[in-house]
Amino acid sequence: MTKTLLLLPGDGIGSEVTAEVRRIVDALGLDVTLQEARFGGAAIDADGVPVTDETVALALAADAVLMGAVGGPKWAGQSFDTRPEAGLLRLREAMNVYANLRPARCFAALADASSLKRELVEGLDIMFVRELVGGVYFGKPRGIEMLANGERRGLNSHHYTTGQIRRVARTAFELAKGRTGRVCSVEKSNVMEAGLLWREEVQRLRDEDYPEIELTHMLADNCAMQLVRQPKQFDTILTDNLFGDMLSDEAAMLTGSLGLLPSAALGEAGRPGLYEPIHGSAPDIAGQGLANPSAAILSLAMAVRHSFGEERTAERIERAVETAIEGGTRTRDIGGGASTAEMGQAIAAAL
Ligand SMILES: NC(=O)c1ccc[n+]([C@@H]2O[C@H](COP(=O)([O-])OP(=O)(O)OC[C@H]3O[C@@H](n4cnc5c(N)ncnc54)[C@H](O)[C@@H]3O)[C@@H](O)[C@H]2O)c1
Ligand SMILES: CC(C)[C@H](C(=O)O)[C@@H](O)C(=O)O
Ligand SMILES: [Mg+2]
């Protein structure tokens, strides 16, 4: 049956990399109806808000949503509620995509592009499962307030409920069953109550429902260090919204570039997923044809796998990205001179 894919190019390199996603959809001849809507800064400029109610409704009615990137200096001075990033948070919340899968795999041909030694990253395959609709990103109260003594105070709240922790932990355990069965849960249970609850609930769910899973716990600061000391010790890393954001950017460099890491944000079964490269709008290279479209194209592969249920086509896209890189076509971030379009063409040709 024809699937619906809503493309949200967004800002900066977002539109450049989603153009290459279109190229791949066309080259594959996928049975997909493509829709497109403004998002982020582009929507602020045209519609006055980073995401309109109509776009949220389109997303909820689609089979999958693929977002490029949002944000940029043009909108950085605005209040939080009207920034491009707020549109992304609103969409994640509206779609209730609480489990964010961020795979960090090192392609053999790129082991030397990593900032770590080849032997540390060769064969690396980590799956981050980042909680995406809770924690400090969404906690209330929040804001900047004026104190009686004339000082200003910035305030954010970090909290998690049992249910929020258990549902994302379940996703991580289910995924790990199809991998090596090892899950490392990452928090700061030594200083944060929400971290302590996280550790307790993850352990409890493992003991109740997943005795076959080998679960370990690690403090987030140690995890940041271990990722660059001995990254191959990890298989599945389960963590909260903020730590997951930071640790996945760190892990991107193990694979060679931020331009390589895709993501899938999933909610309840049968609901649409939200797919995004993990990188941002990259204002420093936007508009120059320098962006690596691989992360966006690999995000399409994740959409095809998780929302369209077409595992073989997903693997075909992933293999084509690897083949194009092995064949020597590389954008600047991974040591080559290819443009965004040339990289997309090489991937399309390798399908
Ligand atoms: N999901 C998203 O939409 C998302 C994610 C992260 C940041 N942002 C937003 O993007 C804006 C810029 O943020 P930033 O500069 O801190 O992070 P960024 O991810 O945009 O860029 C960080 C660095 O990585 C490089 N880079 C990123 N993607 C690349 C690609 N595909 N190919 C080659 N190089 C790439 C950039 O050139 C830059 O040097 C901010 O407004 C931020 O809020 C959005
Ligand atoms: C743009 C921002 C809201 C977003 C996040 O922090 O989740 C980004 O950094 C990401 O990794 O998707
Ligand atoms: Mg991020």
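Cβ coordinates come from backbone N, Cα and C, glycine included.
All annotation found in TrEMBL is predicted automatically rather than curated by experts.
Annotated substrate binding in TrEMBL involves ARG92, ARG130, ASP221 plus, out of the candidates ARG83, ARG102, ARG118, the residue ARG102. Between PHE80 (NAD(+) binding site) and TYR137 (site 'Important for catalysis'), the C-alpha separation comes to 12 Å.
The Cβ of ARG130 (substrate binding site) lies under 8 Å from the Cβ of ALA99, ASN100, ARG102, THR239, ASP240, ASN241, PHE243, GLY244, ASP245, SER248, each of which sits 6+ residues away along the same chain.
A Cα-Cα distance of 24 Å separates ALA286 (NAD(+) binding site) from ARG92 (substrate binding site). When each of the binding-site residues GLY72, PRO84 is scored by how many other Cβ atoms sit within 10 Å of its Cβ, GLY72 comes out lowest. Each residue contributes its Cα atom, and for ASP221 (substrate binding site) and LYS188 (site 'Important for catalysis') those atoms are 8 Å apart. Residues ARG92, ARG102, ARG130, ASP221, recorded as contacting substrate, have a largest CA-CA distance of 27 Å. Note on the recorded positions ARG92, ARG102, LYS188: the fewest other CB atoms within 10 A surround the CB of LYS188.
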